[in-house]
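Chemist: Take a look at this one; I'll ask things after.
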């Protein structure tokens, strides 16, 4: 991941009305002008999700000053259990530059 160069065109993704770990409503347009790295997981994931989030932190550190051009976004696949409060607590163990989002189960 850290030494990979992507040659193909990026995939465009968008989302609206998700809630971050601080309780703020967030849409993909809030990150206009940045590349987004989207990850999907859940806070009770014991192995893959923490490892993935750790690699993203390494990537952001390796990018140095250019890291501000990338927004890492972790979107839960378990919104029933991953409440704002739970994501806020989970977020404390990882890089503060990563946004963690939850939402309505129907979304």
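Cβ from N, Cα, C; glycine included.
Nobody curates TrEMBL annotations by hand; they come from automatic prediction.
Pulled these features from TrEMBL for this protein:
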| type | residues | note |
| --- | --- | --- |
| BINDING | 45, 49 | Cu cation binding site |
| DISULFID | 45-49 | disulfide bond |
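Explain the structural surroundings of these features, please.
Modeler: Cβ neighbour count for residue 45 (Cu cation binding site): 16 (other Cβ atoms within 10 Å of its Cβ, all protein chains included).
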Chemist: So what sits near residue 49 (Cu cation binding site) in its own chain, CB-to-CB under 8 Å and at least six residues off in sequence?
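Modeler: Non-local contacts for residue 49 (Cu cation binding site): 39, 41, 42, 43, 74.
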